[in-house]
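Features of the protein shown, as given by TrEMBL:
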BINDING   A:110-117, A:192-196, A:256-259  GTP binding site
DOMAIN    A:9-88  domain 'Signal recognition particle SRP54 helical bundle'
DOMAIN    A:102-249  domain 'AAA+ ATPase'
DOMAIN    A:103-304  domain 'SRP54-type proteins GTP-binding'
Amino acid sequence: MALGFFNRLKEGLSRSTQKLGTNLAAAFTHRRLDDAALEELEELLIGADLGPAVAERVIESFRRTRFGNEVTDRDVREALSAEIARVLEPVAIPFVPDPALKPHVVLVVGVNGTGKTTTIGKMALQYGREGLKPILVAGDTFRAAAVEQLQVWGERTGVPVISGPPNADAAGLAFNAFRKARSENADLLLIDTAGRLHNKGALMEELAKIIRVLRKFDETAPHSVILVLDATTGQNAVEQVRVFKELVDVTGLVVTKLDGSARGGIVVSLAETFKLPLHAVGVGEKAEDLRPFSASEFARGLVGDTVRLAGSLQPEE
Amino acid sequence: MFDALSGKLTGVFDKLRTRGALSEADVMEAMREVRLAMLDADVALPVVKEFTTKVRERAVGHEVLDSISPGQAVAKIVNDALIDALGGAGAVPLNLNAAAPIPILMVGLQGSGKTTTSGKIALRLQTREKRRVLLASLDVQRPAAQLQLQQLGERAKVASLPIVPGQSPVEIARRAMETGRREGFDVVILDTAGRLSIDEALMQEVREIRAATSPAETLLVVDAMTGQDAVNTAKHFNDAVGVTGIVMTRMDGDARGGAALSMRAITGAPIKLTGSGEKLEALEEFHPERVAGRILGLGDLAGLVEKASETLDQEETEKLALKMMRGKFDLDDYAAQIRQISKLGSIGGILDMLPGMGKLKEQIGDKDLDTSILKRHTAIISSMTKAERRTPDIIKASRKKRIAAGSGSSVQEVNRLLKQFDDMSTMMKRINKLGAKGLMRHGMSALMPKGMPPGRPQ
């Protein structure tokens, strides 16, 4: 499994980022770093969804240190991947369930279609394999067949799924499930929720209610609130994190669909702005494709495969 | 949707407008800001470049720099270029010119909203165009995806193809078309599994489905929140299966709408429909000129009037209007009006369509624009007696207490409702005084009590 692990992650990431790599190579095989070149580089970064602020800072540090120099794409890649890794390193914190909690309650939230249910299915499999006892809660009582979707994951992974009737109150369901999980001595309670756009006040209030109700049973719950983000999302991801964090105290992120053509540069900007732990990335549809996030792998993947990480090239502060 | 982009662009043009004459440098500076605003809104880079180049070329021409109000002239050029980028004026309808059963193929990334959109299109074709629609899910990848479409079909009262486990997507597609022919359906909607545009095996599968069914429409479903990757996705899908139309989903989010601006330019295919909510009715036509208007803060009155005439009960509306004119508007009428307004969708959505309301909306904030307040008002009113509804003036302390208890609200909330009703009556008197013409001339700001911010300066 160890071999498959890195290859899959690398494959997913490099596919997702090879475009930026090729663009860089084309733009910077030995040329003078003048205004035109800097502008081009800035556009490449913006094109990778890095966000204008990050792009501008990288460009400025280049301007200060090497304006007018001859540079190769290799220089650019090394400096860029060092910079990205530096930003991401502090947030690469895997999710570790606390075995003392019995159960560690995790509320999984996000906008529609980011992959919440799939992520829960993958987590159930992983922690089940580690010998923990997870229980899943089909808290998306709104979308058609969402409950059945989670139940299929339950069958696949051999993990019990607690569900209610369609359109049932998600907060009540979560409360009952929590009580049951505690009485059954479960290690992990993964609560799925309906996807909701963060700008819908009433729907966000529903999420806050789930948390209030959980706390009636145990004040410390939920122990984690994981926001699932789609890697193809652009600058709007910043808004999503901001609002969810404000209203339901998000404790960590999972970024899905990093195996596509999306370059996931928004991750960098999120790490800078919110400093929330980035627990895992989804790089495929199989249960094994949920991977702990590695800053250096990601940074290397983002700027191309051939470069060694050169710590000495960190930009001046 | 579009709020942030709209705000930034109006800022740029407001600045230009205050100048008497414009130099080429002024225009260049403005275009730099436009470029940044668009990139911030996730408009694809190549599209931004083309857009700003086009506008710059036209804007530094003589007719602008020599015109009496150059700022206005530049704004007009940008408006025209926006409409262009969005695909030219006028909505493009679904192409249903084919022999029945007409296949419509839905494709897109995972989680873009294909299945929900399939249900929405089915409902729309069945109720508006009186077509018999068959829904068929070819998604054998995601657990319970077929069940999801079946349940959506039940909600929309649209037929769906019976689920046969173990069939391949191509087999299901063939069976759907056969069923469509045999049972006399007009349209067959083929909902496919979400796939990454770089997944060669799955893209090959869509090609086979297309070959087996030759769809009249191949609709690419795109999330409005998509970032720069929109370019790659659209390009790959278009190259592989030939997209004939785009459906943008989650237009009710607060994404800045860049993907919408990029799509047409990249695929050459028009945006045909937009989804803006979880209700099955929340599917709208896409009018580039109106969206351009919204981006530039000019509002979309045509769209609002159209939406109102579609959703509102004509007779009841006229009755209400008559009562308003005569000044005989009571709480029963207010409740009736609330019912009508709720049908129009979110208040924020309505405000978006009114000229000059963007800034007002910012000040109110999104939270207060929740339609749940309408529900609470309905509850409070239904806890009143007939006499109270007819003459709200008789509602004093003890009645308020009773009403609050009956409706599960508080006396404060009852007070707030009465105050709001009072304000409304005052506003109506003002409307009557102004008349329709006055309203058109002064816009919504004529109705606001003094001290409220005016709309965009004329």
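We number each residue from 1, going along the chain as drawn.
Any Cβ shown, glycine's included, is placed from N, Cα and C.
Positions of TrEMBL features highlighted on the structure.
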{"residue": "A:G110", "record": "GTP binding site", "CB count, 10 Å": "26"}
{"residue": "A:G113", "record": "GTP binding site", "CB count, 10 Å": "25"}
{"residue": "A:K116", "record": "GTP binding site", "CB count, 10 Å": "27"}
{"residue": "A:T193", "record": "GTP binding site", "CB count, 10 Å": "28"}
{"residue": "A:R196", "record": "GTP binding site", "CB count, 10 Å": "20"}
{"residue": "A:L258", "record": "GTP binding site", "CB count, 10 Å": "27"}
Assigned element (helix, strand, coil) containing A:K116 (GTP binding site), judged by DSSP: helix
Per-state residue totals over the domain 'AAA+ ATPase' (A:102-249) - DSSP helix, strand, coil: 70 helix, 25 strand, 53 coil
Binding-site residues in contact range of chain B, given that the Cβ distance is under 8 Å, out of A:G110, A:G113, A:K116, A:T193, A:R196, A:L258: A:G113
Reduced DSSP assignment, A:L258 (GTP binding site): coil
Per-residue pLDDT averaged over the domain 'AAA+ ATPase' (A:102-249), given as an integer: 94
